[in-house]
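Q: After the C-alpha coordinates below, expect a handful of questions from me.
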Amino acid sequence: MRKVVLASASPRRKELLSKLIGNNFEVCVSSYEETPLQEMNVEELVVFHSLEKAKDVALRFDSGIIISADTVVFCDGAILGKPHTLNNAKEMLENISGKSVLAITGMTILDMDSGKCVSEYVSTDVNMKQMSSDEIASYVNSGEPLDKAGAFAIQGKGAVLVESINGDFFNVVGLPLFRLGTILEEMGISIFDDC
(Lines of atoms letter the chains of each structure in order from A and count residues from 1; the text may use other names and numbers.)
(Lines give C-alpha, C1' and ligand atoms only; values in the text may rest on other atoms or scores of the structure.)
Protein backbone atom coordinates (compact mmCIF):
# COMPACT_ATOMS: atom_id res chain seq x y z
CA MET A 1 0.00 0.00 0.00
CA ARG A 2 1.16 3.52 -0.74
CA LYS A 3 2.13 5.87 2.07
CA VAL A 4 -0.80 7.88 3.41
CA VAL A 5 -0.26 10.82 5.77
CA LEU A 6 -3.02 12.46 7.81
CA ALA A 7 -2.16 16.13 8.32
CA SER A 8 -4.21 16.56 11.49
CA ALA A 9 -3.86 16.37 15.26
CA SER A 10 -7.55 15.47 15.61
CA PRO A 11 -8.13 12.12 17.32
CA ARG A 12 -11.54 11.99 15.62
CA ARG A 13 -10.04 12.33 12.14
CA LYS A 14 -7.47 9.66 12.98
CA GLU A 15 -10.24 7.32 14.12
CA LEU A 16 -12.36 8.04 11.03
CA LEU A 17 -9.49 7.49 8.59
CA SER A 18 -8.70 4.18 10.29
CA LYS A 19 -12.28 3.07 9.51
CA LEU A 20 -11.42 3.41 5.81
CA ILE A 21 -7.84 2.16 5.54
CA GLY A 22 -7.03 0.59 8.90
CA ASN A 23 -3.94 1.88 10.63
CA ASN A 24 -1.97 2.03 7.37
CA PHE A 25 -1.16 5.73 7.68
CA GLU A 26 0.93 8.08 9.71
CA VAL A 27 -0.01 11.34 11.37
CA CYS A 28 1.99 14.51 10.76
CA VAL A 29 0.53 17.65 12.28
CA SER A 30 0.67 20.79 10.17
CA SER A 31 2.25 23.91 11.61
CA TYR A 32 -0.01 26.10 9.44
CA GLU A 33 -1.88 28.68 11.53
CA GLU A 34 -5.50 29.16 10.50
CA THR A 35 -6.57 32.78 10.20
CA PRO A 36 -9.90 34.20 9.09
CA LEU A 37 -9.68 35.84 5.67
CA GLN A 38 -12.40 38.42 5.14
CA GLU A 39 -12.39 38.20 1.34
CA MET A 40 -13.40 34.50 1.36
CA ASN A 41 -16.76 32.91 1.98
CA VAL A 42 -16.92 30.03 4.46
CA GLU A 43 -16.61 27.30 1.83
CA GLU A 44 -13.58 28.95 0.23
CA LEU A 45 -12.03 29.46 3.67
CA VAL A 46 -12.21 25.82 4.81
CA VAL A 47 -10.87 24.62 1.45
CA PHE A 48 -8.04 27.17 1.64
CA HIS A 49 -7.12 26.11 5.18
CA SER A 50 -7.13 22.42 4.24
CA LEU A 51 -4.94 23.10 1.19
CA GLU A 52 -2.43 25.12 3.21
CA LYS A 53 -2.23 22.35 5.84
CA ALA A 54 -1.59 19.75 3.13
CA LYS A 55 1.08 21.88 1.45
CA ASP A 56 2.82 22.46 4.79
CA VAL A 57 2.96 18.74 5.61
CA ALA A 58 3.96 17.84 2.03
CA LEU A 59 7.23 19.73 2.57
CA ARG A 60 8.27 16.94 4.96
CA PHE A 61 7.67 14.02 2.58
CA ASP A 62 8.96 12.94 -0.83
CA SER A 63 6.02 10.74 -1.82
CA GLY A 64 2.63 9.47 -0.73
CA ILE A 65 -0.84 10.87 -0.27
CA ILE A 66 -1.46 13.74 2.15
CA ILE A 67 -4.97 14.16 3.63
CA SER A 68 -5.95 17.34 5.46
CA ALA A 69 -9.22 18.88 6.58
CA ASP A 70 -10.74 21.90 8.27
CA THR A 71 -14.25 21.78 9.77
CA VAL A 72 -16.42 24.65 10.96
CA VAL A 73 -20.06 25.15 11.85
CA PHE A 74 -21.86 27.99 10.08
CA CYS A 75 -24.91 29.65 11.64
CA ASP A 76 -26.64 32.96 10.91
CA GLY A 77 -23.74 34.17 8.78
CA ALA A 78 -21.13 33.42 11.46
CA ILE A 79 -18.33 30.86 11.40
CA LEU A 80 -18.17 28.85 14.60
CA GLY A 81 -14.86 27.09 15.14
CA LYS A 82 -13.74 25.44 18.36
CA PRO A 83 -14.64 27.31 21.55
CA HIS A 84 -11.64 28.44 23.59
CA THR A 85 -13.39 28.71 26.96
CA LEU A 86 -16.41 27.25 28.72
CA ASN A 87 -18.17 30.60 28.40
CA ASN A 88 -17.42 30.67 24.67
CA ALA A 89 -18.91 27.15 24.35
CA LYS A 90 -22.02 28.28 26.26
CA GLU A 91 -22.47 31.27 23.93
CA MET A 92 -22.11 29.08 20.83
CA LEU A 93 -24.67 26.58 22.08
CA GLU A 94 -27.11 29.36 22.97
CA ASN A 95 -26.63 30.74 19.45
CA ILE A 96 -27.31 27.44 17.63
CA SER A 97 -30.11 26.22 19.93
CA GLY A 98 -33.23 25.39 17.91
CA LYS A 99 -31.61 26.33 14.61
CA SER A 100 -30.47 24.64 11.44
CA VAL A 101 -26.70 24.98 11.04
CA LEU A 102 -24.19 23.81 8.44
CA ALA A 103 -21.20 21.64 9.27
CA ILE A 104 -18.71 22.39 6.51
CA THR A 105 -15.45 20.52 6.00
CA GLY A 106 -12.79 21.62 3.56
CA MET A 107 -10.71 18.63 2.54
CA THR A 108 -7.52 18.30 0.50
CA ILE A 109 -6.09 15.06 -0.83
CA LEU A 110 -2.66 15.60 -2.37
CA ASP A 111 -1.01 12.77 -4.32
CA MET A 112 2.65 13.73 -4.24
CA ASP A 113 3.60 11.04 -6.76
CA SER A 114 1.23 12.05 -9.56
CA GLY A 115 0.87 15.71 -8.59
CA LYS A 116 -2.92 15.34 -8.47
CA CYS A 117 -4.59 17.48 -5.84
CA VAL A 118 -8.28 17.45 -4.92
CA SER A 119 -9.47 20.31 -2.70
CA GLU A 120 -13.18 20.62 -2.05
CA TYR A 121 -15.77 21.00 0.66
CA VAL A 122 -18.66 18.92 1.95
CA SER A 123 -21.66 20.43 3.77
CA THR A 124 -24.09 18.72 6.11
CA ASP A 125 -27.30 20.31 7.40
CA VAL A 126 -27.64 19.83 11.15
CA ASN A 127 -30.91 20.63 12.91
CA MET A 128 -30.28 21.42 16.56
CA LYS A 129 -32.91 20.93 19.25
CA GLN A 130 -34.14 23.82 21.35
CA MET A 131 -31.89 23.56 24.41
CA SER A 132 -32.73 24.72 27.90
CA SER A 133 -30.25 26.76 29.92
CA ASP A 134 -29.77 23.78 32.24
CA GLU A 135 -29.01 21.44 29.31
CA ILE A 136 -26.47 23.87 27.93
CA ALA A 137 -24.82 24.36 31.33
CA SER A 138 -24.64 20.61 32.00
CA TYR A 139 -23.24 19.86 28.57
CA VAL A 140 -20.66 22.64 28.79
CA ASN A 141 -19.59 21.46 32.26
CA SER A 142 -19.00 17.96 30.84
CA GLY A 143 -16.06 19.48 28.95
CA GLU A 144 -17.02 17.74 25.71
CA PRO A 145 -17.70 20.90 23.67
CA LEU A 146 -14.27 22.46 24.14
CA ASP A 147 -12.43 21.00 21.15
CA LYS A 148 -15.37 20.65 18.77
CA ALA A 149 -16.39 23.02 15.97
CA GLY A 150 -19.69 24.62 16.97
CA ALA A 151 -19.26 23.37 20.56
CA PHE A 152 -21.01 20.01 20.08
CA ALA A 153 -19.90 16.44 19.43
CA ILE A 154 -22.52 14.60 17.40
CA GLN A 155 -20.64 11.35 18.06
CA GLY A 156 -20.73 11.88 21.83
CA LYS A 157 -23.16 13.24 24.41
CA GLY A 158 -23.89 16.07 22.00
CA ALA A 159 -25.89 13.58 19.91
CA VAL A 160 -28.90 14.34 22.12
CA LEU A 161 -28.71 17.99 21.05
CA VAL A 162 -29.15 17.10 17.36
CA GLU A 163 -32.68 16.46 16.07
CA SER A 164 -31.67 15.44 12.55
CA ILE A 165 -29.08 15.80 9.83
CA ASN A 166 -29.14 15.85 6.05
CA GLY A 167 -25.84 14.73 4.58
CA ASP A 168 -22.72 12.85 5.66
CA PHE A 169 -22.75 12.13 9.40
CA PHE A 170 -18.97 11.71 9.42
CA ASN A 171 -18.57 15.17 7.91
CA VAL A 172 -20.05 16.61 11.10
CA VAL A 173 -17.43 14.66 13.09
CA GLY A 174 -14.65 16.11 10.92
CA LEU A 175 -13.94 13.93 7.86
CA PRO A 176 -16.50 13.20 5.10
CA LEU A 177 -15.84 9.49 4.65
CA PHE A 178 -18.04 8.91 1.60
CA ARG A 179 -16.28 11.54 -0.47
CA LEU A 180 -12.84 10.75 0.95
CA GLY A 181 -13.25 7.06 0.15
CA THR A 182 -14.24 7.86 -3.42
CA ILE A 183 -11.21 10.10 -3.94
CA LEU A 184 -8.80 7.59 -2.37
CA GLU A 185 -10.14 4.84 -4.65
CA GLU A 186 -9.57 7.15 -7.64
CA MET A 187 -5.97 7.62 -6.43
CA GLY A 188 -5.36 3.88 -6.18
CA ILE A 189 -5.96 3.31 -2.47
CA SER A 190 -8.42 0.42 -2.29
CA ILE A 191 -10.79 0.65 0.64
CA PHE A 192 -11.89 -2.98 0.40
CA ASP A 193 -8.53 -4.75 -0.13
CA ASP A 194 -8.40 -6.28 3.34
CA CYS A 195 -12.09 -7.28 3.56
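The backbone N, Cα and C atoms fix where each Cβ goes, and this holds for glycine too.
Feature annotation from Swiss-Prot assigns active site, proton acceptor to Asp70; the stated evidence is sequence analysis. Residues annotated as site 'Important for substrate specificity' in Swiss-Prot: Arg12, Thr71, Gln155.
Looking at the shown structure, can you explain where the listed features end up?
A: Residues near Asp70 (active site, proton acceptor) in space but far in sequence (CB under 8 A, at least 6 apart, same chain), listed by position: Glu34, Leu45, Val46, Val47, His49, Ser50, Lys53, Thr105, Gly106.
Under the three-state DSSP scheme, Arg12 (site 'Important for substrate specificity') falls in the helix class.
The C-beta environment of Thr71 (site 'Important for substrate specificity'), restricted to residues of the same chain at least 6 apart in sequence and closer than 8 Å, consists of Val46, Ala103, Ile104, Thr105, Gly106, Ala149, Asn171, Gly174.
Within its own chain, Gln155 (site 'Important for substrate specificity') has Arg12, Val173 as residues 6 or more apart in sequence whose C-beta sits under 8 angstroms from its own.
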